[in-house]
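This report concerns only the one structure given below.
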Amino acid sequence: MFRRPVLQVLRQFVRHESETASSLVLERSLNRVHLLGRVGQDPVLRQVEGKNPVTIFSLATNEMWRSGDSEVYQLGDISQKTTWHRISVFRPGLRDVAYQYVKKGSRIYLEGKIDYGEYMDKNNVRRQATTIIADNIIFLSDQTKEKE
């Protein structure tokens, strides 16, 4: 009794390999990045002719772990790895706020997406660049207040 309507509904969501490209349905995917770290340099505002302006800065995140073969976890040596991320802010309001208030040493939390791009360097060699495109920035500390 309900078998036919259920199958019709399921066919809307399930696609088979035999279907052609003309019947492609957009499916959801997720490209989301959450970073918490310290700013490595004051931001720069870049404007390339014919393109949107962008605020760019670097963000350091740290990963820490204990090493050693000790049975007692607390006795191992602490190791740390710092990873640097290139952050690009294109959204007009956020771009201007980031340029004005993000400072070297500030602790921030940001949300965005990862982007893999290519560009030609000065020697006409194709290079790859990974950047985080920020959608939201939360300021957790102000470096100028911490110095006082």
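Every residue gets a Cβ built from N, Cα and C, even glycine.
These features come from Swiss-Prot:
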- 30-141: domain 'SSB' (DOMAIN)
- Ser67: phosphoserine (MOD_RES)
- Ser79: phosphoserine (MOD_RES)
- Lys113: N6-acetyllysine (MOD_RES)
- Lys122: N6-succinyllysine (MOD_RES)
- 1-16: transit peptide (TRANSIT)
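Here the C-alpha separation of Ser67 (phosphoserine) and Ser79 (phosphoserine) works out to 7 Å.
A Cα-Cα distance of 28 Å separates Ser79 (phosphoserine) from Lys113 (N6-acetyllysine). Here the modified residues are Lys113, Lys122, and the one whose Cβ sees the fewest other Cβ atoms within 10 Å is Lys122. Secondary structure at Ser67 (phosphoserine), taken from DSSP and collapsed to helix, strand or coil, is strand.
Across the structure, the residue listed as 'N6-succinyllysine' and the residue listed as 'N6-acetyllysine' are spaced 27 Å apart at their Cα atoms. Around Ser79 (phosphoserine), taking its Cβ as the centre, 11 other Cβ atoms fall within 10 Å, counting all chains.
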